Amino acid sequence: HDIKHHISISIPSSTEVMSPHIKSVEELRVLGINLSSFSAPVQFFICVAGVFLFYLIYGYLQELIFSVEGFKPFGWYLTLVQFGFYSTFGLIELQLTQDKRRRIPGKTYMIIAFLTVGTMGLSNTSLGYLNYPTQVIFKCCKLIPVMIGGIFIQGKRYNFADVAAAVCMSLGLIWFTLADSTVAPNFHLTGVLLISLALCADAAIGNVQEKAMKIHNGSNSEMVLYSYSIGFIYILAGLLCVGGLGPAVAFCSEHPVKTYGYAFFFSLTGYFGISFVLALIKLFGALVAVTVTTGRKAMTIVLSFMFFSKPFTFQYIWGGLLVLFGIFLNVYSKNKDKMKLPSIKDFRGWLRRGKKVRFLSQDV
């Protein structure tokens, strides 16, 4: 048992946990890039670019794996393998950092892991009941449960502009994503319940992560290592109970390159994507992070316009404008004091003037 000497994860004593960390202005590293030296907009841009880039590849690889003949029923096994890889990458990244202490209490990780696995399970099961447009509608509305979660879990306060921004963005994203959809959404009750639960769990994850990272100042790699390794144990236990492990292992050992090979790269890009999402959560909060990951979908569509001449309809413009308006509202509510917007009084004045003009034009 030589392993013990090589891998060191020290768990701090209770006094260490209680003491406020001296390195409170911690440098934030993502994939070895030190982000704390950049200004906030640059940090934001780097994170968003990272999320978009890695999740695009991630989505592509995911489709590749599921296109392997006969792989469809082994979704949970893929998740297990993915969690295994995530834990390994997290462990490697932790070994490369100087500070190996676990900052965030184990109980928090158990909650996060439970929610993560729950989200995946619920949303995967709901896919059987709901068609694509319905899934999009629910996924795009994720901002709203995240806000509610922020109020309850972190005691945040949101003003009217924030709420309006979230609603506008959600509606705009739905409009944009479904602009060319000919299929009507089907609201199957079981599916709706499952996906709603998944969204609530998902909304809780971001908020719990944000709170934990703020209070205990944990690192990204630590967050990934513990939450996914505990999730790995949960899924493994579940698969053993259901007996879904045997056939999956048998199938994957027949096509090792196509399953494990793809899964490796799939997990690697997913891991990088998660690192950037966690950086966003740490720097800008859960709401911004979810906005970015939700906007990823719209980004894929924009790219498919550029690369695969996709038929264009005006719906895209309206949906896109609504999203931009939501983003504007969001920026506005953050910098209220710096920006002066016309008040309701001004609008009333304009309306009156407009009416007068209209009456005059009607007389002619």
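Cβ coordinates are placed from backbone N, Cα and C, and glycine is handled just like the others.
Just so it is clear, the model here is predicted, and its values are computed rather than measured.
The annotation transmembrane segment is assigned in TrEMBL to 42-62, 74-96, 108-130, 136-153, 160-178, 184-205, 225-248, 260-280, 287-308, 314-332.
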Taking the transmembrane segment (136-153) as the first stretch and the transmembrane segment (225-248) as the second, find out whether 3 or more Cβ pairs fall under 8 Å, excluding pairs closer than 6 in sequence.
no
Are there residues at least six beyond either end of the transmembrane segment (314-332) with Cβ under 8 Å to its Cβ atoms? List them, or say none.
161-162, 164-177, 179-180, 291, 295, 298, 301, 339, 341
Among the ranges 42-62, 74-96, 184-205, 287-308, the one whose Cβ pairs under 8 Å to the transmembrane segment (260-280) are most numerous:
42-62
Contacting positions for the transmembrane segment (108-130) when only residues 6+ beyond its ends and CB under 8 Å are counted:
75-76, 79, 138, 185-188, 190-192, 194-195, 197-198, 201-202, 204-205, 208-209, 212, 223, 226-228, 230-231, 234-235, 238
Taking pairs 6 or more apart in sequence, does the count of Cβ pairs under 8 Å between the transmembrane segment (42-62) and the transmembrane segment (287-308) hit 3 or more?
yes
Could you check whether the transmembrane segment (160-178) and the transmembrane segment (225-248) come into contact, where contact means at least 3 Cβ pairs under 8 Å with the two residues of each pair 6 or more apart in sequence?
no
Report, as numbers and ranges, which residues of the same chain sit near the transmembrane segment (74-96): CB under 8 Å and 6 or more residues beyond its ends.
7-9, 32, 65-66, 120-121, 124, 219-226, 228-229, 231-232, 235-236, 238-239, 244-245, 247-249, 251-252, 259-260, 263-264, 266-268, 270-271, 274
Go through the chain and flag residues at least 6 beyond the ends of the transmembrane segment (287-308) whose CB is under 8 A from any CB in it; none is fine as an answer.
44, 47-48, 51-52, 55-56, 59, 136, 139-140, 142-143, 146-147, 150, 162, 166, 169-170, 173, 176-177, 203, 206, 277, 280-281, 316, 320, 323, 327, 330
